[in-house]
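Novice: This is the feature table in TrEMBL:
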- 6-24: transmembrane segment (TRANSMEM)
- 36-55: transmembrane segment (TRANSMEM)
- 61-79: transmembrane segment (TRANSMEM)
- 91-113: transmembrane segment (TRANSMEM)
- 125-146: transmembrane segment (TRANSMEM)
- 167-185: transmembrane segment (TRANSMEM)
- 197-219: transmembrane segment (TRANSMEM)
- 340-440: domain 'Sensor histidine kinase NatK-like C-terminal' (DOMAIN)
Amino acid sequence: MTQDIIISALLFILPCILILFLTFSDHLRTPTHATAAFSISCFMIIDMAATYIYYTKPLTAWTMILLSFAAMLAGVVLFRAASGYSFAQSLFSVAIVMCYTDSIYIFSSQFHYIAAGRLPDGPSALHTVSTLVISLATFPFVLLLFKRLLRPALDATESLAFWRISWGIPLCSRLLYYLTIFPIFSPNLPTSVQSDIYSAPTLWSIFTFFTYVIALKMVTETTKNARLQEELHISETQFAAQLKQSEMIQQRIEETMRIRHDFRHTLIALQACLDSKDYDGMGEFINNYICSLDSLRPTAYCDNPVVNAIISYYAEMARGDGITFSASVQLEQKLPLTDTDACIILGNLLENALEACQRQTGTGRYIHVKLHAVHGSSLVIIIDNSYSGIIHKKEHVFLSTKAKNRKGIGIASVLDIVSKYEGVPRFEYDAETFKVSIFLHHSRN
């Protein structure tokens, strides 16, 4: 009996582990040996205890609820330690897997009831085979759900408020299962109750998975909309920067035309100084004239019009707020990334730096920008700025202080582009300075 119980328990444990591993294999990290040993031991002991109690002891719904939540908690601790996701995200992921194992148990018990005319009262070859067949048949579809919906939702929405309340879905699902569905499969219940074995459990499985699918689709679509709004915001920023550059150039052209128009009067004034031998006055007049010509020259940080427009736009905004702004740019006109990607990275980082300085009280506010192209195929971006010393961060995710509809999306967009170009991002900060360093390599595409 003990061997049969172990086999039965493993048939439910292994699909959980395999689905999570195949979905998050590239996101896993090595937990401490103590955490891994503790979590695995707790999960195995609780699962086998639940299987043993189910087949050998009188059951109550609340007993199974306690065992189920204990197993879920052990799984969450292990998954969180291995993946690095938040507790709420880990709970949501583990709960879906456990919902899958519950559904396997439901359908294998239904098959046993159809084939043997009764529910299984213990581990049997028929129940084991039906569990294995149903697991193999449904595994690809559940794995697809995890890879297509769950993984993108987890990666793209780590700071979304949804995860703060998402625990309610698995909690309600587990309570509903053990209070209404699980008692139907008790071998000791009368036939009148077992007549519900076909309808209620099947509907529970369908509705539960549809609830998870709808929730994940909702989260994914919300994130897509937020990213579209962020892209629109960046496009508006780029347009405003280009428009500002055009206005500045037009202003310089008009000033140049005015100076050319007044050039005759300038020569008359110089002639007067020369006739009166006022050489000191002539020298001062010429120096002032040269300074006025220098002021007509528009600031050009680089030859790339998009990068130059973005830097000039934020430089003027910063200086208008009394913030020291400096930029050292060594770029060719052709960048190792698209103009759109360059605009998104610089626009987000400079906007964050500007907002950080604007929130800062007192003096000493500054933004320093360095851009350097390496052999035409790589780009180094370094932006450091002063700030108030307050970091908005949840676990390993930086949270934006912008409008709620763009919460956390700006940095996420930057990191997506960095990954696209096989780049390396680095965020450093102390009590006074926040520094972002990004290395980008030309995309293989």
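Cβ atoms here come from the backbone N, Cα and C positions, even for glycine.
Buried or exposed, and what's around them? Tell me for each listed feature.
Specialist: Tertiary proximity for the transmembrane segment (6-24) is limited to same-chain residues at least six positions away from its ends with a CB under 8 Å from its CB atoms, namely 43-44, 47-48, 51, 75, 79, 82-83, 93-94, 97-98, 100-101, 104-105, 123, 127-128, 131-132, 135, 139, 142-143, 146-147, 150-151.
For the transmembrane segment (91-113), same-chain residues at least 6 beyond its ends with a Cβ under 8 Å from one of its own Cβ atoms are 12, 15-16, 19-20, 68, 71-72, 75-76, 79, 85, 119-120, 124, 126-127, 130-131, 134-135, 138, 142, 145-146, 150, 154, 163, 166-167, 169-170, 173-174, 177, 181, 185, 194, 197-198, 201-202, 204-205, 208-209, 212.
Sequence-distant contacts of the transmembrane segment (167-185) (same chain, at least 6 residues past either end, Cβ-Cβ under 8 Å): 61-62, 64-65, 68-69, 72, 88, 91-92, 95-96, 98-99, 102, 105-106, 109, 119, 193-194, 196-197, 200-201, 204, 208, 211-212, 215.
Outside the transmembrane segment (197-219), and at least 6 residues removed from its termini, the chain residues within Cβ reach (under 8 Å) are 96, 99, 102-103, 106-107, 109-110, 113, 119, 145, 149-150, 153, 157, 160, 162, 166, 169, 173, 176-177, 180-181, 184-185.
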Novice: So what's near the transmembrane segment (125-146) in sequence-distant terms, Cβ-Cβ under 8 Å and 6+ beyond its ends?
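Specialist: Distal contacts: 4, 7-8, 11-12, 15, 18-20, 22-23, 96, 100, 103-105, 107-109, 111-112, 115-116, 209, 212-213.
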Novice: Reported in the order helix, strand, coil, what are the DSSP residue counts of the domain 'Sensor histidine kinase NatK-like C-terminal' (340-440)?
Specialist: 35 helix, 36 strand, 30 coil
